[in-house]
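Participant: Quick one: structure below, then a few questions.
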Amino acid sequence: MADLETGGWTHFVGIGGVGMSALARILLAQGYRVSGSDPKENQFTRSLEAAGAIIYHQHDAANLAPGVQEVVISSAVPSSNPEVVAARQRSLPVVKRGELLARLFNARRGIAVAGAHGKTTTSALVALVMKEGGLEPAAVIGGYVREFASNAYPGRGDFLVAEADESDGSFLWLKPEIALITNIEADHLEHYGSLDRIVAAFKDFIDQIRPGGKAILCAEDPRVAGLVACSPRQVITYGLNGRPDYRATGVQMAGMGGRAAIYYREQYLGQLTMAVPGRHNILNALGAIAAGHQLGIPFAVMARALGQFRGVGRRFEILWDDGTTRVVDDYAHHPTEIRATLAAASQVGAKRVVAVFQPHRYTRTHHLYREFGQAFRQADVVIVNDIYPAGEAPLPGVNSQLITGEIKGSGHQQVYYLPTLEETLAFLKKSCRPGDLVLTLGAGDVWRVGMGLAQYLEAKQILPGVGA
C-alpha cells in the first residue's frame with residue numbers, strides 16, 4: 001500500500017464520481033501520481049486532468065500503467081471490470097473508496113459529518129469556517145463547493161473534514177476527533193433492513209470517536225437527541241428549539257437568505273446572516289458554528305465565512321434567474337429533503353413553484369412512496385418522472401405512478417406523470433411563464449431538465465438576462 005507521506009501511484013476506477021474525484025484531488029495535493037477511468041467526462045474529471053491526473057474515458061486493462069501501486073474502486077464498479085481483473089492478476093491492492101477515505105482521515109485530526117440529510121452542506125460549512133479561522137483543513141465534500149471551486153480542499157493543516165457516508169456502513173471505518181450528526185431517518189433500507197439497525201449504526205459511529213473527542217448532535221432530530229445518553233465522549237448539542245448548547249433564535253427567512261441570533265448556552269455570540277434560503281440552512285450553519293467554536297474559532301470569523309457561502313452544487317443551485325423566472329436544481333431525493341427544499345422555494349417570492357421529481361432507486365420508492373405523496377404540499381405543480389434505478393433491478397409493482405397516486409390522493413390538483421426527461425423538458429418549454437420557479441429534484445440525472453430549460457430560456461431570450 002502506497003505510503004501517505006512519500007506518495008505513490010494510485011489508480012481510480014470510476015474517478016468521475018463526486019466521492020472518488022475528491023479523494024483523487026487530495027492525493028494529488030499530497031504528491032501522488034493519480035490516474036483513473038470513467039466513461040463520462042464531467043467537471044471533476046476535467047479539473048483533475050488540469051491538475052495533473054491521467055484520465056481515461058473507457059475501462060480497459062491497458063489503463064493500468066506499470067507504475068500503479070494501488071487501485072481504488074467505487075461501490076458501482078463490479079469485480080468483472082477489466083481494470084479490477086488486471087489489478088488482481090498483478091496482486092495490486094484493490095480498495096474501496098471508503099477504505100481510502102478512512103486511511104487519509106484517520107491519519108489526521110478528523111471532523112466527520114454524518115446524517116441522512118444536510119451532511120454535504122454542513123461539511124462544506126465546517127471546512128469553510130475552519131479555513132477562515134486559519135486551520136487550513138483538508139476537506140472531502142460530497143458536492144461542488146463554489147468557494148473551493150472543487151469538491152475537495154487540499155489544506156495542509158492538521159485537520160481533515162469529511163462527509164461520512166452511512167449508506168453502506170463505511171462511516172464506521174472513521175475514527176473522528178469530532179463527529180457531527182445532523183439527523184437519522186429511514187433511508188438506505190436496502191443495506192440496513194430496518195430503522196432500528198440504522199440507529200444502531202449511528203450509535204456505533206459515536207463509539208468510534210477518539211478519546212478526548214466530542215459528539216456534536218442536532219437536538220432538533222429526536223433520534224439524534226436519543227443518542228446523547230449513549231455517547232462515551234463529551235456531547236455538544238445544537239438546535240433551534242429547547243435548550244441545546246448552541247441555539248439559533250429569532251430566525252427570519254426572506255428571499256434568498258435568512259438571519260438568526262446565535263447563543264452558546266446563555267452567552268450571545270452574535271448575528272448570523274446567510275445568503276442561501278431555507279431554515280434548514282440556518283440549522284446546517286449552526287452545526288458548523290458548534291464545531292468551529294469548540295475548536296476555538298471566534299464567532300465573528302465564522303459569521304463572515306458563513307455569510308459569504310453561496311451553496312453547494314445541486315443544493316438549491318440556481319441555473320437561471322432573469323429577475324422573474326428562476327430554474328433551480330436540487331439533489332433532494334428523500335421526502336424530508338423535498339419538504340425542506342420546497343419550504344425554501346416558497347420564501348423566494350415566486351408566483352408559482354413547479355416541482356419536477358425523479359424518484360431515485362426502486363427500493364427507496366417501495367419503502368417511502370406514501371411519504372413522497374405528502375411531501376409536495378408547497379408545490380403548485382408537480383411532475384414525476386420514471387424512477388432512476390441507480391443500478392438496481394426493477395421491483396414488481398414499484399413505479400412512479402405509486403407516487404403520483406399518493407400526491408393526487410393528498411388533494412393536489414396539478415400532478416403529471418411524464419416518464420422521460422425529454423417529455424418533461426418539452427412540457428416545460430410550453431408551460432413555463434414569468435414568475436415561475438421551476439425546481440428539479442432528485443439524485444439521478446433530472447438536472448438535465450433544468451439545464452435544458454435554462455439554455456432554452458437563454459436562447460429564446462424570453463426575458464432579459466443571462467443564464468447562470
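Every residue, even glycine, has its Cβ placed from backbone N, Cα and C.
Per Swiss-Prot, the features are:
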- Gly115, Ala116, His117, Gly118, Lys119, Thr120, Thr121: ATP binding site (BINDING)
Participant: What other residues of the same chain, not counting Gly115, Ala116, His117, Gly118, Lys119, Thr120, Thr121, have a CB atom within 8 A of the CB centroid of the ATP site?
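Facilitator: Same chain, not in Gly115, Ala116, His117, Gly118, Lys119, Thr120, Thr121, Cβ within 8 Å: Val113, Thr122, Thr182, Asn183, Asn284.
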Participant: Can you tell me whether DSSP puts Thr121 (ATP binding site) in helix, strand or coil?
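Facilitator: Reduced to three states, the DSSP call for Thr121 (ATP binding site) is helix.
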Participant: Around the Cβ of Lys119 (ATP binding site), how many other Cβ atoms lie within 10 Å? Please give the count over every shown protein chain.
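Facilitator: Around Lys119 (ATP binding site), other Cβ atoms within 10 Å: 27.
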Participant: For each of Thr120, Thr121, count the other CB atoms within 10 A of its CB; which of these binding-site residues has the top count?
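Facilitator: The residue with the most neighbouring Cβ atoms within 10 Å is Thr121.
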Participant: Provide the number of Cβ atoms within 10 Å of the Cβ of His117 (ATP binding site), excluding the reference atom itself.
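Facilitator: So the number of other Cβ atoms within 10 Å of His117 (ATP binding site) is 22.
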Participant: Should Gly115 (ATP binding site) be counted as helix, strand, or coil on the basis of DSSP?
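Facilitator: Coil, per DSSP.
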Participant: Relative to the Cβ of Gly118 (ATP binding site), which residues of the same chain, six or more apart in sequence, are found under 8 Å away?
Facilitator: Thr182, Asn183, His280, Leu283, Asn284, Gly287
Participant: Cβ-Cβ under 8 Å from Ala116 (ATP binding site), same chain, 6 or more residues apart: which ones?
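Facilitator: Listed in sequence order, they are Glu166, Thr182, Asn183, Ile184, Glu185, Asp187, His334, Thr336.
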